[in-house]
Structure formats: C-alpha cells, structure tokens
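*Asks:* This is the feature table in Swiss-Prot:
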ACT_SITE  GLU133  active site, proton donor
BINDING   CYS12, CYS103, CYS198  [4Fe-4S] cluster binding site
BINDING   HIS43, HIS81, HIS131, THR170, SER226, ASN228, SER271  (2E)-4-hydroxy-3-methylbut-2-enyl diphosphate binding site
BINDING   HIS43, HIS81, HIS131, SER226, ASN228, SER271  dimethylallyl diphosphate binding site
BINDING   HIS43, HIS81, HIS131, SER226, ASN228, SER271  isopentenyl diphosphate binding site
Amino acid sequence: MNVVKISPRGYCYGVVDAMVLARQAAQNLDLPRPIYILGMIVHNKHVTDAFEEEGIISLDGPNRLDILKQVDKGTVIFTAHGVSPQVRKLAKEKGLTVVDATCPDVTRTHDLIREKSQEGYKFIYVGKKGHPEPEGAIGVAPEFVHLVENVEDVESLDISADKIIITNQTTMSQWDVSEIMKKAMEKYPQAEVHNEICLATQVRQEAVAEQARECDLVIVVGDPKSNNSNRLAQVSEQIAGTKAYRIGDVTELQQEWFDGVETVGVTAGASTPTPITKEVIAFIEKYDPSKPETWTPERKVTLQKILPKVKIKK
C-alpha cells in the first residue's frame, strides 16, 4: 500500500532531552535510590515501560502534589510537562534529590505567568483540563490564572481586571487556540495575547494539515494520553478533511480501516518512539488486501530499542 510519511513527525527536542536526563539518572549510581518519575516522563506507555525495566518507578495520581506525597526518600524526576512551585517546595522540604526534565518551552510560560502576575496581570490560560502541563502552569499563580478549554468556558468567565494576558498550553491545536483566543479578545479587548504553542507542535500540525490532503486515511502513532497526538488526528479530520485514527502501536491497526484506501499518511506524536512508528510504516507498506499473509500486525520492537542511547557520566 502507498504510504505518505508525513514530515516532520515524532520526537521533539523537549521529549528527547527529558528521556536523556531520565536515562542518565537511571545509570548514575551516585543518585539516591529509589528513583521516581512524577507521572509519565512523556505521554507514551512504551517509554514508561522501558524506564521501568531500567529501575525507574513511574508514579501515577490525580496531580503532581498528591503523587509526591507518596515519596519519602530517593530521587524524583519532574516530567517534561513541568510542575508547580508547590511541588518543588515539597520536594525540597522532603530532602529529595531532584532531576528536572521540564521542557524549556513550558518553563517560558511559567516565567511569563510568574513575572506578569507580580505586575497585577490576570491570565486566561487555554489548555486541557486534567493535563499536567496546565496544572503546573496554573500552580505558578493560582489566584491569577483562569483555565479555559473551549469557547463556552470563555463565555462563563467573569474577570474584573484592566491587565489581562491570554496564553496557552504548548501542545494544543493551533486552530482551536486561535478560535478560543479570538473569543476571549472579543470579551476582553484590553487583553494581550501570548501564543505559547511550541514550534514542534506547530510544524507537525501544519504538516498534517497540508500533507493529509493527499491521503485517503491518516494514522497517528501516539499514546491516548498524548495531547499533541490526539490533536494531530483532529487536525487531519477537521482541517485536511481526511479520516484519521490514533494508535499506540502496530497491533492496534484494524484491517477494515484500509477498505477502499489507496494512500495512507502516517505521522507520530512528539513523544512517540521512532522504532514504533517505523514498524507501523513498514506494516502498511507491505499490506496487500489480496495477500492474507500481510494482514496480521505484530509488534517486534523491544523495550531495549525504545530509549535513546546516552553516555554514562563518570
């Protein structure tokens, strides 16, 4: 079957940096044990499973602060999504060693909220409720930040302030953010806009918006918890008009999706391991509806091939 390898796709620099830091931590025998990750280092189960094989424990919970309360000793890794100042404070009070893998793009948003809230600004923050990135950003100045996920949330806002900044989670759909920000500006014309969609998210979405038009179907390889992966599928359907499915790996492909399809576009979320995506591409390229031997997807990528190679610090 014909495959369009939508490019750019896959890992962004923030994800790679986070995984390298976590892997260096796993191999650094000087760091106190056990080593924990507060949440998923990046939103991909294959990656977290691979780290567990290296002895790193991924902790889950309703929020980062509650997760950290489970930890009494050792080392904690802050994920690429960032954490609130309250989490940093508690880690320090507990005497824990901290490895900070926060994406620099996320840190920039935290700095904006910290600096401008001290000047009396209120914030309208466009983000996904329940996602760790907004949790960390809002935690910088919770009394100044209002989280909105859609236009309806904007309509229900009641902010009395002359100084307002509208900003956003880095991995949102740029089209959704634009629509929500437009509505917010109509309601609060005095507001300033600081669009914080990261470049990696933006160019991957634009690639899908353009290249998916050439395809009958688009497959997005990414974890269900990965917001940027889910947004890529949304962009394919809503902007390019091409049906899309998000899958975790090759085993989730369904044969009926390919009925009447000649060209399949494949892209991947920013936290999706490259070998997982390559396996999906290879399967679809070999798939032939007239040859039953090509119909059964099988995952052969081992966890050992998931994580980036790192130099052991001596």
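Each residue, glycine too, has its Cβ placed from N, Cα and C.
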*Asks:* Return the residues near CYS103 ([4Fe-4S] cluster binding site) by Cβ distance under 8 Å, restricted to its own chain and a separation of at least 6 in sequence.
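*Replies:* Listed in sequence order, they are GLY14, VAL15, ASP17, ALA18, ALA80, HIS81, GLY82, THR170, CYS198.
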*Asks:* Let me know the largest Cα to Cα distance in Å among the isopentenyl diphosphate-binding residues HIS43, HIS81, HIS131, SER226, ASN228, SER271, as an integer.
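*Replies:* Per the listed residues, the maximum Cα distance equals 15 Å.
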*Asks:* What are the sequence-distant neighbours of HIS131 ((2E)-4-hydroxy-3-methylbut-2-enyl diphosphate binding site), meaning same chain, six or more residues apart, C-beta distance under 8 angstroms?
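*Replies:* Looking at Cβ-Cβ distances below 8 Å from HIS131 ((2E)-4-hydroxy-3-methylbut-2-enyl diphosphate binding site), excluding near sequence neighbours, one finds HIS81, GLN169, ASN227.
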*Asks:* Other than HIS43, HIS81, HIS131, THR170, SER226, ASN228, SER271 themselves, what residues in this chain have Cβ atoms within 8 Å of the centroid of the (2E)-4-hydroxy-3-methylbut-2-enyl diphosphate site's Cβ atoms?
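*Replies:* So the extra residues in range turn out to be VAL42, ALA80, GLU133, THR171, LYS225, ASN227, SER229, GLY269, ALA270.
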*Asks:* Taking only the recorded positions GLU133, SER226, ASN228, SER271, which one has a CA atom nearest to the CA atom of CYS12 ([4Fe-4S] cluster binding site)?
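*Replies:* Spatially nearest to CYS12 ([4Fe-4S] cluster binding site) by Cα position is SER271.
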*Asks:* Look up GLU133 (active site, proton donor) in the DSSP assignment and reduce it to helix, strand or coil.
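*Replies:* The residue in question, GLU133 (active site, proton donor), is helix (DSSP, three-state).
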*Asks:* In Å, rounded, how far does the Cα of SER271 ((2E)-4-hydroxy-3-methylbut-2-enyl diphosphate binding site) sit from the Cα of GLU133 (active site, proton donor)?
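*Replies:* A Cα-Cα distance of 14 Å.
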*Asks:* For CYS198 ([4Fe-4S] cluster binding site), which DSSP three-state class applies?
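*Replies:* Its secondary structure by DSSP: coil.
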